[in-house]
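Participant: Look at Swiss-Prot and you will find E177, D219 tagged as Mg(2+) 1 binding site. Among the features that Swiss-Prot reports, Mg(2+) 2 binding site is placed at D219, D221, with the record citing sequence analysis. Here Swiss-Prot flags 301-311 as compositional bias 'Polar residues'. Per Swiss-Prot, the feature domain 'Toprim' maps to 171-250.
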Amino acid sequence: MYSPDTTKYLIHISLTAEGVVEKPDVVGAIFGQTEGLLGEDLDLRDLQRTGRVGRIDVQIASKKGETSGEILISTSLDRAETAILAASLETIDRVGPCVAHVSVKMVEDIRVSKRKKIVERAKEILVERFDDGTIDSDELLDDVRQTLRVEKIGTIGEEKLPAGPNVLESDAIIIVEGRADVINLLRYGIKNTVAVEGTNIPKSIVELTEKKTTTAFFDGDRGGELILRELLQVADIDFVAFSPRGKSVEDMSKKEVIKTLRNKVPVEYVRDQYFEDSAELPGDLGGRPARTAPAHDEGGNSDTTGKQAVSQKRIRDGTSKVPTTLRDHMDDVKGKNVARFLNQDMVVIRESRSEEVEKAVETLEEPAAGVVVDRTVDQKLLDRLVWKGLEYVAAKDFKGIIKRPLNIRLMKMSS
């Protein structure tokens with residue numbers, strides 16, 4: 001039996017008959033007039049029986065007393081045998097009772113057609129189906145460096161807390177939730193990170209915060225807020241930073257980590273969110289000024305304390321004209337009776353008078369990440385800001401807040 005998968009060539013034959021004939025007449029003429037013509041090895045019936053020649057496809061039509069059309073014969077013979085078979089078909093001079101003229105139009109190499117289809121399909125697969133595996137030398141170097149950094153993770157204290165290699169030597173530390181957070185920050189060259197490993201704050205953490213400038217860097221979910229609440233009660237925290245909404249610290253990219261740490265805020269700006277009375281905070285934490293020191297120790301170099309102190313001094317003196325952090329905006333807005341809507345990059349997208357903030361939030365032309373407003377925020381205004389999808393509100397004060405939404409962060413400006 002002939003298999004179409006073995007086809008090598010397809011013979012195209014044109015047929016013209018001087019009269020009306022039908023398909024059985026054409027097939028009969030082909031077998032009858034070629035029988036015994038080429039010997040036993042190339043007999044058409046034997047070739048079909050052994051599966052070396054396929055079925056004879058006759059496509060004809062009659063018009064005005066004449067019949068014309070095409071005959072298609074597929075073969076798995078070699079080139080020479082196929083040529084001989086095709087030539088033998090041109091000897092047919094009668095179909096039924098009619099004079100006929102038969103000629104070979106072409107012999108199509110099916111394998112060439114298959115190759116063309118393969119090439120076209122390969123092009124599609126190359127463009128659409130392959131993952132982007134482009135090798136970038138910078139990415140390779142980063143991967144190797146990240147591996148080295150991760151291998152340097154160690155432990156500190158009796159509790160064996162996961163920590164970066166520079167925690168004990170650095171003037172500033174970052175406190176995160178777990179080991180995965182330490183590893184992620186270590187990948188990006190931040191080596192002064194230590195994990196609390198749960199809500200029971202270890203003694204080693206408390207002792208470190210008393211000696212070093214400390215930034216608390218937690219997930220912006222309920223768990224992160226609970227850890228921060230306990231940490232504020234037992235430890236000496238200077239700055240607070242939260243991961244973006246919907247992301248944990250361990251999943252953040254390098255750009256997101258650096259941006260979040262750069263936009264950290266002093267603990268005084270967030271303590272009212274967790275404590276109704278600042279007396280709940282330990283010692284004089286509620287009233288002491290925040291120490292100015294680097295939030296992260298990248299590449300083992302912690303000599304950025306002076307630079308940050310100068311930067312913050314310029315902000316306090318009013319010599320920095322373009323605020324770049326949330327703290328800058330809070331200091332800049334204070335006492336000016338204005339409201340600023342900020343995007344994720346801390347860029348002002350809308351500014352209005354503080355008493356017109358309700359109208360301004362309804363006419364924003366682009367999404368805002370938060371608002372800094374020099375006025376007291378009540379429950380009605382807060383609900384409207386939450387409905388607009390804001391992530392944080394920094395205000396002069398908060399009054400009458402009975403229902404505090406979990407998906408927005410409230411920060412009170414220091415007086």
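Note that Cβ sites are derived from N, Cα and C of the backbone, with glycine treated the same way.
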Participant: Sort the residues of the domain 'Toprim' (171-250) into helix, strand and coil with DSSP and give the three counts.
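Facilitator: Its residues divide into 33 helix, 19 strand, 28 coil.
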Participant: So what pLDDT does the domain 'Toprim' (171-250) average out to?
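Facilitator: For the domain 'Toprim' (171-250), the model's average pLDDT rounds to 88.
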Participant: Do you know offhand how many angstrom separate D221 (Mg(2+) 2 binding site) and E177 (Mg(2+) 1 binding site) by C-alpha?
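Facilitator: Counting only the Cα atoms, the answer is 12 Å.
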Participant: Using the structure shown, find which entry in E177, D219, D221 (the binding-site residues) has the sparsest Cβ neighbourhood within 10 Å.
Facilitator: D221
